[in-house]
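S.K.: Here's the feature list from TrEMBL:
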DOMAIN    A:19-123  domain 'Cyclic nucleotide-binding'
DOMAIN    A:154-226  domain 'HTH crp-type'
There are 2 protein chains.
Amino acid sequence: MLPDPQAGGQTGSLEHIALLRPLSAEQRAAVARQCRWRRFASDEQIIDHWADTQDVAFIVEGRVRVLSHSAGGREISFTDIDAGELVGEMSALDGRPRSASVVALGEGALLAFLPARPFRDLVSGHPELGLAVMLRLCDKLRGATDRIMDLSTLGANNRVHAELLRLARRGRRQGAAAIIAPIPVHSDIAARVSTTRETVARVMSDLTRDGLLQRRADALVVCDLQELERLVAEVRGAP
Amino acid sequence: MLPDPQAGGQTGSLEHIALLRPLSAEQRAAVARQCRWRRFASDEQIIDHWADTQDVAFIVEGRVRVLSHSAGGREISFTDIDAGELVGEMSALDGRPRSASVVALGEGALLAFLPARPFRDLVSGHPELGLAVMLRLCDKLRGATDRIMDLSTLGANNRVHAELLRLARRGRRQGAAAIIAPIPVHSDIAARVSTTRETVARVMSDLTRDGLLQRRADALVVCDLQELERLVAEVRGAP
């Protein structure tokens, strides 16, 4: 258990932050001392889309979600980020407003906030860190490009199929099947593919009726992963 | 006029490429010698989405469009990039497949292709170049995030309004009006906001009927820029 800085004013360790791995333990400790440490409860807001902040946040414990809301209040989620990663690097780099909000998931999260200036010094002072930040941004941009294509060319039904396929590919295989555990929440899928919970429920019940999906007590089973892959490839039209 | 390398095997100059400005003239000339130079006709494909290439392309003359196609053949366009900029840096950095295609616009384009390895050496060897690449990626990612929000929360009508607003803001002001010149092609707007030409035509004719838009011989006039801004802000719901 890392010390809670709010309790003792101490700092924790950044040794499990992937980006900082090329640094020496001493350099990492120096970065840690420049951070403001804070623990967040589940669902608590970590970065406010509309606040004028620019620090980068290292996720030391827990998991966070990057999201935004429509004018009508519907949640659009972008990505979930695990411990060991970071969030908020865009405003730290370019000084522009936050592009989205960030909230803590699950059991909450411990974050270390590094101000923009030392973060920029870090990535320009260490070429391997700079390159790693570029790769992170490329990865996010590729994900965003794929999502724009899906939103532009697929119906909501097919986007739910595509999201189930994404979850299934990260799941455990069992013969032709893939196991998604824990069972994803309908509203999470809806926020990921920009549709309503009702649409997600309808599509999943259709897939269950067709024998492609099965709900167990603790997991969702895609009974024929190849068939789901075929279904998605057909509408996406990638070669 | 730069020498056409296909004719004489010579190289042109990279002095107007913004990213390379921090380099000395000598360093820039060394980069130019590592490039493969090629001139493209209007509409000619520069980067093939599905080809296994990884070089970055400096746009020395002309203008290019980054785009992709749906399974049904509909064009989805991402961004237009002017001379002085570059394109294709993602695959050069991460070695993964191209995320889209690139074609030459207008009168064609002259490009200098630098292989992935020297490009990566360049951005890791010069911190200010590395930071500039990060800012470019941030800018693209912010644009993609905005587009995901628009696609997720706005109807096609409102997305056409938002695109006209984007074009109007880059145009010349004339009192309350903004001048968009040359007149944008309906199919270009459609590809930018992921809808059909027919929808663009209908929305523009509605705006004309309502007195908000006026078509001149050589320009499109947004008669009341503030009113268009209000219209878009209302549906986007940003504070």
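Any Cβ shown, glycine's included, is placed from N, Cα and C.
Neighbours and distances for these, please.
M.R.: Under DSSP, residues within the domain 'Cyclic nucleotide-binding' (A:19-123) fall into helix, strand and coil as 26 helix, 41 strand, 38 coil.
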S.K.: On the DSSP side of things, how many residues of the domain 'HTH crp-type' (A:154-226) fall into helix, strand and coil, could you say?
M.R.: 38 helix, 13 strand, 22 coil
S.K.: Note the mean pLDDT of the domain 'HTH crp-type' (A:154-226), expressed as a whole number.
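M.R.: 95, rounded to a whole number.
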